[in-house]
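Reviewing the structure listed below.
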Amino acid sequence: MDDAVRVLAGLRITALTGAGVSTDSGIPDYRGPDSPPRNPMTYQQFVQDEAFRRHYWARNHVGWQHMHRTHPNAGHRALVRLEERGLLAGIVTQNVDLLHEDAGSRNVIDLHGRYDRVVCLQCRRVVSREHLAERLTALNPGFLESVANDVADIEIAPDADAVIEATSHFRPAPCEFCGGVLKPEIVYFGENVPRARVEAAFALVDDGDALLVAGSSLTVMSGLRFVRHAARAGKPVVIVNRGITRGDVHATVKVDAGTSEVLAQLADLL
Ligand SMILES: [Zn+2]
């Protein structure tokens, strides 16, 4: 911890955050060291398999109702404090939960999208998830009530996926403009982050003097490339994460601990 403070002192920081930052807000990290194994949905499954989409939207319709109950934690708030004091250039986040924005962070790039928007795969129009929820409820009268008991104490995944079984009669909503397939505006496995968003994230990393990685095991290249980029530019890289990460070899300092406590301490000490 002392090393992290010494390395970051006086520098303008860019933060790269992952699921570990949101676990203390009650959103499980499926890649964390204590997490249950889980097969992530792939983009190909979603696009190619109508039954899979029906199952997905049924679960998402339930899980989405629960996302409103999540709140930012001390880690999110610490990054807000750093930004307010001019010590943080901004945040590139792999999370789609919008908790950085909820906490009050201003310069945030939602690298993997956001759970509150839906995109049509045919006409590319974007609508709010809230608007879609009204349509799904109208198309499936009684559905939420019928599963209410099943979801009393289930886990809600980071993308608002909920674990329920009876979904075979669920009716997904087509795009209301063209009839196309709707998909959460979230980057799934097998899908690329839009180029303009990647470039904005690289620019934000370039804007900082140091990169602070928090709560990501950097398993996927979409996050790891920013660590490599910062390291190649000779910038210090501080990684705060429970457990090993794929970026550890590039870390100037590694703090193996929970992000809420460590980020709060950093905001106090920097
Ligand atoms: Zn459309």
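Each residue, glycine too, has its Cβ placed from N, Cα and C.
Marked as active site, proton acceptor by TrEMBL: HIS112. Per TrEMBL, the feature Zn(2+) binding site maps to CYS120, CYS123, CYS175, CYS178. What TrEMBL lists as domain 'Deacetylase sirtuin-type' is 1-270.
Overlay of TrEMBL annotations on the structure.
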| residue | record | Cβ contacts under 8 Å, 6 or more apart |
| --- | --- | --- |
| HIS112 | active site, proton acceptor | THR93, GLN94, ASN95, VAL96, ILE186, VAL187, VAL193, SER222 |
| CYS120 | Zn(2+) binding site | VAL126, VAL127, CYS175, PHE177, CYS178, GLY180, VAL181, LEU182, LYS183 |
| CYS123 | Zn(2+) binding site | CYS175, PHE177, CYS178, GLY180 |
Residues near the Zn(2+) site, CYS120, CYS123, CYS175, CYS178 excluded, by Cβ within 8 Å of the Cβ center?
LEU121, GLN122, ARG124, ARG125, PRO174, GLU176, PHE177, GLY179, GLY180, LEU182
Least buried by Cβ count (within 10 Å) of the binding-site residues CYS175, CYS178
CYS178
Mean of the pLDDT scores, which run from 0 to 100, over the domain 'Deacetylase sirtuin-type' (1-270)
90
